[in-house]
Amino acid sequence: MFPMLTGFISYGQQTIRAARYIGQSFIITLSHTNRLPITIHYPYEKSITSERFRGRIHFEFDKCIACEVCVRVCPIDLPLVDWRFEKDIKRKQLLNYSIDFGVCIFCGNCVEYCPTNCLSMTEEYELSTYDRHELNYNQIALSRLPISIMGDYTIQTIRNSPQSKIDEEKSWNSRTITDY
């Protein structure tokens, strides 16, 4: 009779322990019900990129002196710079500049080391195409500025963290105090 009684006691202890684990898990689940959803509806809601986000490269043709520093610092020798030497002005004349974003790793070395600041990173990250050859941007495509996410009224922008919403409210309140 004692083995049967000890079996019932151990079964009861295991049942209580299992109920306690289920209760703890349920409390953790309930604590997450007040959180905002992490998933966003991508085409209609977009995250605002950080200030130092490295997106598509913007190129200003008039500033470029064809020094090819961008090619030398690029880990994959990606930018293609075509130039010719003008004897009358004794300077290089830029003919063509192109970057293949299908190969680019967006490291930002070309932007950082450019002596004339003709290269800059934009917040544009939507570079998907059906043909990989369309990712080869020449100087005309590189000089186009991206459409700002903030200016598009059809897209709802989502901040990445709740702290940024608090900071935004603080900055809004401080602006209303200082602006008369």
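Cβ atoms are placed via backbone N, Cα and C, with glycine included.
Among Cys74, Cys118, the residue that Swiss-Prot places alongside Cys104, Cys107, Cys110 at the [4Fe-4S] cluster 2 binding site is Cys74. Summarised as a single figure, the pLDDT of the domain '4Fe-4S ferredoxin-type 1' (55-84) averages 94. Residues 49, 53-65, 67, 69-70, 73-76, 78-84, 132, 135-139, 142, 145-146, 148-149 of the same chain sit 6 or more residues outside the domain '4Fe-4S ferredoxin-type 2' (95-124) yet have a Cβ under 8 Å from a Cβ within it. Scoring each of the binding-site residues (Cys64, Cys70, Cys104) by how many neighbouring Cβ atoms lie within 10 Å, the top position goes to Cys70. Under the three-state DSSP scheme, Cys107 ([4Fe-4S] cluster 2 binding site) falls in the coil class. Cys70 ([4Fe-4S] cluster 1 binding site) is 4 Å away from Cys110 ([4Fe-4S] cluster 2 binding site) when you measure Cα to Cα. In this view, Cys67 ([4Fe-4S] cluster 1 binding site) is surrounded by 17 other Cβ atoms within 10 Å of its Cβ, with every protein chain counted.
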